[in-house]
Amino acid sequence: METYTEGRTAGSSSDGTEDSDFSADLEHTEASESARRRSSTRLTRASLRLSQSSQDLKQGADRDETPPRTPTGNAPSSESDIEVSSPGNDLDERLAKELSLKEAAAHDLSHRPKRRRFHESYNFNMKCPTPGCNSLGHLTGRHERHFSISGCPLYHNLSADECKGKASTRDKQAEERTLSHRQDENRHSTRNQAPTDRQLRYKEKVTELRRKRNSTLNKEQKEKHMDHRQSHGASREPLLENITSDYDLELFRKAQARASDDLEKLRLAGQVSEGSNMIKTIVFGRYELDTWYHSPYPEEYARLGRLYMCEFCLKYMKSQTILRRHMAKCVWKHPPGDEIYRKGNISVFEVDGKKNKIYCQNLCLLAKLFLDHKTLYYDVEPFLFYVMTEADNTGCHLVGYFSKEKNSFLNYNVSCILTMPQYMRQGYGKMLIDFSYLLSKVEEKVGSPERPLSDLGLISYRSYWKEVLLRYLNNFQGKEISIKEISQETAVNPVDIVSTLQSLQMLKYWKGKHLVLKRQDLIDDWKAKETKRGNSKTIDPTALKWTPPKGT
């Protein structure tokens with residue numbers, strides 16, 4: 001019993017509890033002391049009791065019920081484990097010396113290795129690919145570090161402090177907007193869609209801000225933009241100041257920050273890899289395209305980062321050499337299937353997913369690189385693919401496509417639609433949409449795209465529905481307009497027609513009836529744009545040679 005008490009005193013702090021932090025640091029010191037003690041004289045049981053009685057007077061009520069431990073943290077096995085150098089006062093001196101050593105070690109911990117704690121989601125072996133960037137800051141102003149171009153302040157010609165300032169400004173604007181919406185929500189109802197005074201004032205303010213912008217850059221601004229491009233090339237974003245109005249530029253910056261924040265959340269959730277199995281570029285014909293999203297290509301191809309594709313049969317390869325050998329013997333010059341439309345150099349091929357399964361699967365893999373919501377890959381047999389091409393002396397080059405269910409219960413005329421990036425903003429997207437509605441007219445059905453639509457898809461469809469309605473109203477000579485008649489003539493779903501009329505503020509509720517207003521200002525704007533654009537990118541219904549498939 002006495003032996004245990006003495007052992008606890010030697011390996012405990014002044015308050016009677018175990019000092020585990022110091023025990024590991026003093027292992028070397030205690031080992032040398034233990035060796036010295038083994039060579040000294042052992043105390044008799046009587047002298048040990050004597051020293052214990054004096055020690056009990058010192059500690060008194062501070063004694064606890066916990067089991068005693070040695071300086072290394074282990075309980076002694078027998079009384080022979082406790083050895084001291086000399087009886088009486090020598091024991092007290094030795095104990096005081098050991099306590100002083102512990103106090104000195106508590107104040108001097110420079111010999112101990114420092115513990116470094118990093119954010120659990122950060123891998124500090126990664127670096128931002130922008131030249132000269134130290135990976136500090138984030139475009140959103142909400143993160144301390146970044147590892148991609150989308151979140152790099154330097155790439156966007158900003159500093160980390162500027163990003164934080166813009167983030168606080170956006171937060172204040174969001175709070176003000178939420179407060180104003182709460183004030184206005186009681187004024188709105190399904191039958192009262194008139195804008196409020198605040199909304200009208202905001203619209204006038206935006207119109208004034210956009211009117212103030214400079215239409216052209218002056219000589220100094222052009223030189224500044226050219227110097228920036230020559231100095232940094234593609235490693236930095238081009239200068240955007242003075243290109244558009246400050247209001248539109250701020251909208252663009254907000255969209256950039258929001259997209260970067262969404263990518264950061266996906267990365268922290270593990271849904272976006274840091275480039276290990278992500279195809280970043282594809283070589284497609286004479287183009288090298290940067291990808292937008294992840295596509296489930298086989299791992300041995302995805303980890304390469306760059307794929308080489310045959311633009312006719314869509315076979316994917318690992319190197320330029322393999323592609324060159326493939327092109328020397330590939331006999332394909334256009335998609336498989338039947339050519340159902342041709343006008344000028346534009347053709348559309350109908351490809352059956354059941355008859356040409358490999359080609360359709362490769363087409364879906366390719367489309368997934370540029371579509372976020374696309375899930376179709378293996379199950380291509382229930383679908384028909386309508387592939388639009390542009391022909392030259394080398395073959396029919398892929399422009400875009402849309403897929404369609406052979407038997408759609410909800411009469412969807414489009415399941416997935418894509419325009420290749422090198423052909424975007426040239427009118428081909430609207431041609432594909434127009435062609436899908438042309439097929440619905442031949443089938444004598446009313447069609448609508450499958451939901452949910454991607455962001456770019458929704459913009460394209462909104463623009464198309466707007467043009468269809470304005471063209472119909474421009475040619476309409478009667479007094480009463482029926483939504484059902486518009487739907488039957490244009491093959492557009494009535495729900496899409498109503499939503500488009502509401503967005504154009506052409507649908508009003510008056511005296512218990514819904515009225516369609518013929519806004520001549522919108523029609524005149526559409527006619528001016530139509531005259532300026534011409535008819536080069538339009539679908540000619542007479543060029544369609546197609547019979548609806550039966551029993552598929």
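Even glycines carry a Cβ here, placed using N, Cα and C.
Keep in mind it's a predicted model, so treat the numbers as computed, not measured.
The annotation active site, proton donor/acceptor is assigned in TrEMBL to Glu450. Residues or ranges marked as compositional bias 'Basic and acidic residues' in TrEMBL: 25-36, 163-188, 198-209, 219-237. For 41-55, the entry in TrEMBL reads compositional bias 'Low complexity'. Positions annotated as domain 'MYST-type HAT' by TrEMBL: 274-548. For 1-89, 163-237, the entry in TrEMBL reads region 'Disordered'.
Per-residue confidence over the domain 'MYST-type HAT' (274-548) averages 89 (mean pLDDT, predicted model). Helix, strand and coil counts from DSSP across the compositional bias 'Basic and acidic residues' (219-237) read 17 helix, 0 strand, 2 coil. Across the compositional bias 'Basic and acidic residues' (163-188), DSSP assigns 22 helix, 0 strand, 4 coil. The compositional bias 'Basic and acidic residues' (198-209): residue composition by secondary structure is 12 helix, 0 strand, 0 coil, according to DSSP.
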